[in-house]
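Just below is one structure, and these are the notes that go with it.
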């Protein structure tokens, strides 16, 4: 049941929806089925999914299809925009109190990664913000939780305040505040015990700590792998404590992390950090827009859509299309095209962005990386006009000359010529496919 | 409602406490899951597309998983057609039946493979924060109660405080913990532990390992090595490899089961933190999509809240209310 990327799933639907001027209701309906499944598989809460789908539907139906896009791509564009919207547009930073110390409370379920995150955050504050935080070990319930924070403190060479596990967490917090003022710490990070959101007694304890320390930041630490229940967890912690931000942990795993979306939707508080590994410095600022495409599993089709929209010169594309149909493609066109593609970003990334590109015959053999691109350019530029227009005249002696002229090897020249031949063949096939269907198919790049 | 009668008979022979544990631990799941299902039947008198859509959402919200849900719904639609069911009330028992079928799929071996007169080695694996160490503590307690001689191996040498955490459990339960320093090679710890367990004539060796995300290839290789070292010392060991899964985990649980299964031949699953969430549904997905039996479920925080998984009890715990209603109806 490995996650199929949404990109793959949408291929079928997108290709059906070619060459129409407007997005129709049927188009959207079919696509939304797939989008819905993808979101559910990513563990986005079903209520959130429902709301999301209806918003997208409303927006997408009846939209004019941009010239360079197919209706399918147009819908995806809307999906992505809405998703990024929902995730919250920009990154947000950790609070700073007007009068130090800034108090940060870490709360969450058991095993979410509160203690580890406390250590990481302390390290982050010192390294990136030049702060002097005090970590407070207030988890007296889990065996050796205090020891864990103390060990982290030792590794970081940073102070940890603890009073053993026989003193109440409220008492510990109180004393820690005094200690922080005494020693002029500008941040106090309170590591609380993990608890189920349904545990009355322990939730009361958190409220008491909150009242006593009046924290500037209450961070809910959530495991990125959390399923449908993420909503309830976030809701109840938020209701009781009023959380100010979220830390998403274990995001370096292979989960899609739909929980992020659910939490954002129900609490409307920003996700401030993401745990990206086991090392102490593996805490990163959270990028909402990256998360949007991760949840969708779209690779970067979206980026491609956006880039194609802006960068490709319509006129040139038309001419190219004509040439491909008639199989007149020359090395000059090839170079021109490479340059256009290059302006869209790193090539191998670009290829990866294209759903189904890997499956296309011939495409796999065309190796592209950016270093090679320079070589290719040099090779083509070392050809004579006649050679560029008719590659069939490239005999061994000409190839040797080109290799020398471009500072490459004869093998590279051979490879390029072969690849060019393959590409031409492939394009002819694709052009043929298109020709059979609708003549006016929006044909922008050979691979799109 | 013969299905519920049969179920009732099956579990009456068992002790009241076990039944209560399951009923109590599953109360959250039951309330939200079965409660919603009852509402559904009340709100939709007719079995139509909308009814199924709503049902689909209820199941998905319990983390049953998209694939399992789709299969289940298709199944139910067929059933409704062939049996010509039109009223929502009439399809309810069919739903319960189908869910129970999934849970009871086959007579799987849920008992642990315990060696009668030699050392049994149990290796615990899983991602970070699922409760491996806690589960070991609870298992040690259980075996100790059964009069076994237990040794623990502190194989999580990576996470800060992990060794100490296991030591606290060792003290609580009263069993020995074999350890090395933090940061040492976990395979070496295992080698020591197997030797120590042998020389102490222990019955059970419970091996802790560091939590690791399943997509970290190096760490998964390390785990394979740990297992290899154990097998080299005792050819048929480890006798059990238990994958610990957090019940609040979503669809990633499947990926965990698959990858850990490949790396270490997982022989059973321990599902923890089932009491706090309404998400007992993942059990259904696991049973539907994987061949790994669920052997234990964590139904609470207490030392004896780790229960051997029993499909009948689980089904009963889920449908206790429906069952009572049925009985009342029969009496009237």
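Cβ from N, Cα, C; glycine included.
Taken residue by residue with DSSP, residue A:195 (GTP binding site) is part of neither helix nor strand, so it is coil. Residues annotated as GTP binding site in TrEMBL: A:108-115, A:191-195, A:249-252.
Looking just at the domain 'SRP54-type proteins GTP-binding' (A:270-283), the mean pLDDT is 89. Positions annotated as domain 'SRP54-type proteins GTP-binding' by TrEMBL: A:270-283.
Proximity to chain B, taken as a Cβ less than 8 Å from one of its Cβ atoms, holds for none of the binding-site residues A:114, A:195, A:251.
Least packed by the Cβ count within 10 Å, out of the binding-site residues A:114, A:195, is A:195.
Secondary structure at residue A:114 (GTP binding site), taken from DSSP and collapsed to helix, strand or coil, is helix. Note on the domain 'SRP54-type proteins GTP-binding' (A:270-283): DSSP counts are 0 helix, 6 strand, 8 coil.
Cβ neighbours of residue A:192 (GTP binding site) (same chain, under 8 Å, six or more residues apart in sequence): A:105, A:106, A:107, A:114, A:138, A:139, A:169, A:206, A:209.
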